Amino acid sequence: MRSFLYMLSQRPKLACLCGKSIIIWPGKRTNLPENAFTQRMLQECGQMAKPDASVDLDNFKAISEQSPAEFGIDSCRVKAQPEDRSDRIREQIASAYPVIHERTLLLFISFLEHKLTFGSEQEKAIYKDMTVVDLVQRLLAKRCVWFFGANDYYRTMQGNIGNEGFEAVGTPAEKEPLTLTSVLSYDEIKLSALLYVSCHSEFINNGSRVNGGEVLQNKDTIEREGVVIGLIGARFERPDVMEYQDIMITKTQNTEANGYGFDLEQISSETVTPASDLRRIWREFYEEPRDFIYADTPYDTTRFEEVSQGIFDHQVMRKRYAISFDTLLLEAQDRAFKAGKPAYIHVVGIGLGVWKAARQQERTFLESFEGRLRALGERLSHIGVVHFSWFHLACVGSLHDGAIIPVDKHPQGGIRIRNSVRNPGDKLTEDMLPVVTYAWDGNALPGNEFWANMLISTGDPAAACSTLISELQNPHINVHYMNGANLHIASVEHGLLHVGDYARRLIV
């Protein structure tokens, strides 16, 4: 059961950033296991092919009309767009897919193996014979319509509305309507937070937080279309679940009974427990040799910060960000390369709003982003500008408005940095591909609060009101493209590949 992610990982390298030693992670290669379960999972991935279904726009609209989730407005739907945009919209529909980091693919495999061995009866029944592609499809399709707030206010796809109860999903204590057959468990939502969605889309307006779906008649002040990527930050609103398990160190959570405090060498087949094995797969995902009992946490102010709940681990937070940033940068690079023009990436602070849990979290975000820009280097030949919008810190490391991050062989010598307030759809002054990000959620459809008719609230509904993502990135509407079989993998070594192409490169 000992995972390849730890055993075969390369020794982490260090870089100096802001006077601190920052681990360069992940490395350029993710080594693969040779165990039979992983090889079988990759073999099954290798059988997948890109969808070749042609886009029938009338059928797409008909499926949307049957959606069990009600649209608050129609201006952001395909049916409301001008007829002369139909050909472009067909291309945008076909451009949609889910995307994960290559390390996340291997994490999903470890998760399935763990649950088949240590899962509850409910979990074993669900995961029996499940492939990675099946798991991704489940993470897309079984999420709620909306899911937000510290009390987990939700509406399921079946129309049930309520608060709380997700901690029991997948256990003998689960109750209708929150059962594993209908919704995701918190262990799955944690995985789902590493699963992102991407597509080209129309821009209806400038995408401001208060756009409310207004149809801008004068298109001269906005970009007509661009790439829209839903990223998900670390969520700390509920204790003892999600990234809280990996990044928060508390008296009640970080105990041996909950699987914490063990070195890998301490655990054997005789001493392993479901809790310690679940901690193992996450430690190995982040390539951390151990996680900490609260009382044994080392004194290291460059890594740890005291917060109201306990201790916040910035090293693991930085790694969590790195997975998101690698995926964003490699996805934007591929989209821009295919478009034949440099990408202008609009970056928002995922997890830095109501989910923010530490004073230094924004600094860690920006440090991690700079680290990944430098680490990916020559892979980012088609990244022209990275624009940080609505950040409080004007300068962290080399990231400040007007900076250039040097990149060998880059057509412009490097990647330009902007740090100022702008709207995602604002007109660019150069011929570049707009790539805009929005802060999504691991247990909601794209738009989240949008579906609760809260159109003017956060970046999630703002993105849904200003683009076509509520349909194009919706697995219940864009059924031929936004599905597990169309999963794409962002690889530091190989670039952006369909899961079938990626797996065929790796199969032993």
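Backbone N, Cα and C define each Cβ position, glycine as well.
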Message: Gly349, Gly351, Gly353, Val354, Trp355, Trp390, Asp441, Asn448, Glu449, Gly459, Asp460 show up in Swiss-Prot as binding ADP-D-ribose; which entry in Arg138, Arg155, Arg209, Arg224 does that record put in the same site?
response: Arg209
Query: At its widest, how many Å does the recorded ADP-D-ribose site span between Cα atoms of Arg209, Gly349, Gly351, Gly353, Val354, Trp355, Trp390, Asp441, Asn448, Glu449, Gly459, Asp460?
result: 21
Statement: Ordered by sequence, the long-range same-chain Cβ contacts of Gly459 (ADP-D-ribose binding site) under 8 Å (at least 6 apart) are Arg209, Val348, Gly353, Tyr438, Ala439
Message: Sequence gap of 6 or more, Cβ distance under 8 Å: name the residues on the same chain that satisfy this around Asn448 (ADP-D-ribose binding site), in order along the sequence.
response: Trp146, Phe147, Phe148, Trp440, Asp441, Thr458, Asp460, Pro461
